[in-house]
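Novice: Annotations for this protein, taken from TrEMBL, read as follows:
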ACT_SITE  His528  active site, proton donor
ACT_SITE  His571  active site, proton acceptor
BINDING   Val105, Val242  FAD binding site
DOMAIN    274-288  domain 'Glucose-methanol-choline oxidoreductase N-terminal'
Amino acid sequence: MRFPGLTLVLPGLLGHTSAVGSDAYDFIIVGGGTAGLAVASRISAGLPNLSVLIIEAGPDGRQEPDITIPGRKGSTLGGKYDWNFTTVAQSSANNRVFAQNRGKVLGGSSALNLMTWDRTSIAELDAWETQLGNQGWNWKNLYAAMLKVETFQPSPDYGSEGVGKTGPIKTLINRIFPKQQSTWIPTLNNLGLPTNRESLNGNNVGVFTQPNNINPNYTRSYAPEYLKLAGKNLALKLDTRVTKVNFNGTMATGITLENGTIITARREVILSAGSFQTPGLLELSGIGNATLLQKLGIPVIKNLPSVGENFQDHIRIQNSYQLKPLYPSFDVLKNDPRAAAELALYTAGQVSLYDYAASGYSYFTWSTVSNATEAKFRALVQDDTSLTSAVDKVKKSYYTAPLSKTVPQLEVIFSDGYTGLKGYPPANSSQFGINTFALIGVVQHPLSKGSVHITSRDITAKPEINPNYLSHPYDLQAAVELAKFMRTIATEAPMRDVWTEEYEPGNAVQSDEEWREYALKNILSIYHPIGTAALLPEKDGGVVDAELRVYGTQGLRVVDASVIPLLPSAHLQTLIYGIAERGAEMIVGEYR
């Protein structure tokens with residue numbers, strides 16, 4: 001099998017090709033996900049005389065309808081393309097175990113995500129340089145890198161600023177716009193939130209119709225698009241796992257595969273395995289907390305206790321509403337005949353509900369909820385003397401003017417169709433066939449931090465993931481206030497006119513204690529894990545320096561979401577692509 005611009009190395013084989021050697025490459029990228037494919041393809045194009053190998057643990061899913069069809073978003077979660085990680089029981093969240101979905105497929109989590117295309121605020125990325133000490137990592141440089149990622153299809157629903165025009169990932173404003181979503185922007189306007197038609201330019205406060213990463217032919221546009229940029233100097237090895245990075249002293253010399261095969265890296269090994277597995281590979285290779293490594297019998301290359309620490313994730317909570325009969329929703333696809341009819345339209349290239357991906361988004365500060373709420377949370381955060389880390393200090397700064405007005409603390413998404421833990425009514429229920437929409441609320445800067453570590457030298461053993469969800473009191477209180485505010489949104493004109501009853505949580509939830517219990521039972525992850533190989537000075541808990549090199553090593557970098565030092569007020573994929581673009585610029589500049 002061959003793909004344009006690259007050589008495919010079949011699983012379990014490293015046969016020679018005319019383009020690439022079998023046992024040595026200049027660059028080895030571990031992980032063919034969002035960042036891995038982007039950085040590898042840019043290196044391939046920028047250094048055509050050097051060889052590049054991508055090793056991906058999963059298969060190629062580019063012909064998989066559940067991946068490529070936008071309206072089937074979410075159907076792959078928990079399936080064969082998912083690592084299916086879970087947390088340990090979370091003691092501050094009713095001892096619940098949370099799913100931690102990650103892509104095990106070419107394209108990684110860019111193949112599984114829900115295709116949200118947004119960007120964080122200017123101040124949040126500038127803080128990486130000015131407050132966290134990462135020279136060159138600022139809004140200007142990352143914005144330029146992010147613009148290289150995308151080609152936006154112009155739309156009357158979006159302005160001209162903040163979007164790229166020449167990148168491999170295609171983005172657009174979805175042509176499916178549910179009738180009930182027409183209430184979204186005016187309702188938030190009535191609650192004091194302005195319309196923002198250029199939310200990707202670093203000023204993301206407001207309510208808007210947002211792009212999705214979808215091709216003009218209405219297929220998912222995701223990381224494998226980057227492979228079209230690659231030259232014949234790039235090889236791709238699928239369905240293959242790496243057990244460790246090999247070292248000569250502190251110099252990375254290559255990797256060992258699960259079957260014992262050793263592949264040499266003449267220049268660099270680049271880890272792009274994601275926030276759960278990059279720290280695990282570092283630990284398996286002898287880089288991490290020496291106490292843990294010695295306990296597992298792993299020789300210590302570099303005692304770096306920050307590996308696997310600083311784990312942060314956005315938490316979400318959702319309310320759902322039953323629509324009036326004249327407002328059909330995406331829920332109609334639960335009816336098999338209707339789903340078949342819509343799929344036939346999609347296959348014929350006509351407008352179909354299978355085109356749909358959520359496009360109603362908003363980001364705002366606590367003052368939009370109320371000035372009293374903002375004051376309450378400002379006091380809670382700023383008076384907390386335990387928040388002393390460099391990352392925590394940045395989060396505290398968001399509560400001081402002018403950042404308190406420009407850095408969003410909250411996100412609410414208008415999602416057409418059911419989302420929640422109660423579950424859609426089963427087929428034998430009298431309520432089966434109802435149409436719903438959900439408001440999904442996301443806390444942007446939770447203060448709980450956790451960790452991810454290996455528990456064994458066996459790479460088939462899943463990592464121990466402990467986000468410590470809700471361990472800081474701010475997080476639960478924030479989720480409660482956000483859920484209450486989403487009820488306020490739903491009951492504001494004109495949105496209040498499209499639904500008949502609150503399906504979840506329902507009218508039985510009224511008191512503060514009832515809201516608290518609802519939150520404890522219904523808070524979920526929105527699958528944005530970051531920070532476990534943080535881009536920070538080593539003294540502040542960093543794992544990589546400003547060149548993305550792992551401290552105490554040579555020839556080893558990390559390029560993926562694990563380097564993000566603190567959560568942005570955005571979904572992650574545009575930032576991850578931008579980090580990959582910036583990492584590739586550094587590497588190509590060094591070896592050109």
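Placement of Cβ uses the backbone N, Cα and C atoms for every residue, glycine included.
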Novice: List every residue in the same chain as Val242 (FAD binding site), at least 6 positions away in sequence, whose Cβ is under 8 Å from its Cβ.
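Specialist: Looking at Cβ-Cβ distances below 8 Å from Val242 (FAD binding site), excluding near sequence neighbours, one finds Val30, Ile55, Ile255, Thr256, Leu257, Glu258, Ala273, Leu281.
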Novice: If you run through the domain 'Glucose-methanol-choline oxidoreductase N-terminal' (274-288) with DSSP, how many residues end up as helix, strand and coil?
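Specialist: Secondary-structure breakdown of the domain 'Glucose-methanol-choline oxidoreductase N-terminal' (274-288): 11 helix, 2 strand, 2 coil.
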Novice: Would you mind giving the whole-number mean pLDDT across the domain 'Glucose-methanol-choline oxidoreductase N-terminal' (274-288)?
Specialist: 98
Novice: So if I draw a 10 Å sphere around the Cβ of the residue listed as 'active site, proton acceptor', how many other Cβ atoms end up inside it?
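Specialist: Its Cβ shell of radius 10 Å holds 25 other Cβ atoms.
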Novice: Across all chains shown, how many C-beta atoms besides its own are within 10 angstroms of the C-beta of Val105 (FAD binding site)?
Specialist: 29
Novice: Give me the Cα-Cα distance between the residue listed as 'active site, proton donor' and Val105 (FAD binding site), rounded to a whole Å.
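Specialist: Rounded to a whole number, the Cα-Cα distance is 18 Å.
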